[in-house]
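Quick notes on the structure that follows.
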Amino acid sequence: MPWIQLKLNTTGANAEDLSDALMEAGSVSITFQDTHDTPVFEPLPGETRLWGDTDVIGLFDAETDMKAVVAQLEQHPLLGAGFAHKIEQLEDKDWEREWMDNFHPMRFGERLWICPSWRDVPDENAVNVMLDPGLAFGTGTHPTTSLCLQWLDGLDLNGKTVIDFGCGSGILAIAALKLGAAKAIGIDIDPQAIQASRDNAQRNGVSERLELYLPQDQPESMKADVVVANILAGPLRELAPLISVLPVSGGLLGLSGILASQAESVCEAYADLFALDPVVEKEEWCRITGRKN
């Protein structure tokens, strides 16, 4: 069905209040967008980090009386009569189908392909990971995921144990298993990610070699030959004491989800325990790898 979109411009400090006002006026969903396309880094736990100049966008059913919506919003103390706004009709699309149509098989390194589960594989002799990300992050399209997949493809994983810290869709853990790892362990704070990883592991025939845990359930003695963590710079710094103990002595560590401008601070958090390689960059993002001393 078609939708109507109403956009307001405000400050980050007022965005939450106007979001509530739009919901009270009948909006079925709210989106925050940066007016000037400025990067916003990860928030602290419990914090909603917003830009200084923020667009608040409400989505309304096509049958909504938008004149009545505007009249209601004019009563809000942050808006008032004649407040600036933009209303537009959105084209009726099958958004899920459009997304699926634009998700194509992708090659990473020499051996590895990530293929949507609804498409044919381009090379049956390659290492093919069939993926349906569901509600969890991780398709290989983001530079950080790509950097991690290329790194895994270049390793000799035969017989190794791999930990995917922040596993999302399970893409890295499953790729490691398909590349020869004997066992993979996925950890994520989101139960939906655990379920998506479980479904994708079953789709790829590696369920019996993949263990999945929420952080509070993971074994204390857990160790691996290779540890990969594609999360964000802040958590990578804060969790460095926890992540650093996961690789065995001489084990490998791969970190991403890091902007190139954040690489130095992340490297500092791991430099005491790891011999770090040169940082690899891709599209303003980077990957940090090293071997445990």
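Don't overthink the numbers, they just go from 1 along the chain as shown.
Just so you know, glycine gets a Cβ as well, placed from its N, Cα and C.
When Gly82, Gly109, Gly166, Gly290 are compared with the S-adenosyl-L-methionine site residues Thr145, Asp188, Asn230 in Swiss-Prot, the one appearing in that site is Gly166. Its Cβ taken as reference, Thr145 (S-adenosyl-L-methionine binding site) is surrounded by 25 other Cβ atoms within 10 Å in the chains shown. Its Cβ taken as reference, Asp188 (S-adenosyl-L-methionine binding site) is surrounded by 25 other Cβ atoms within 10 Å in the chains shown.
The Cβ of Gly166 (S-adenosyl-L-methionine binding site) lies under 8 Å from the Cβ of Ile187, Asp188, Ile189, Ala229, Asn230, Ile231, Pro235, Gly257, each of these being in the same chain and 6 or more residues away along the sequence.
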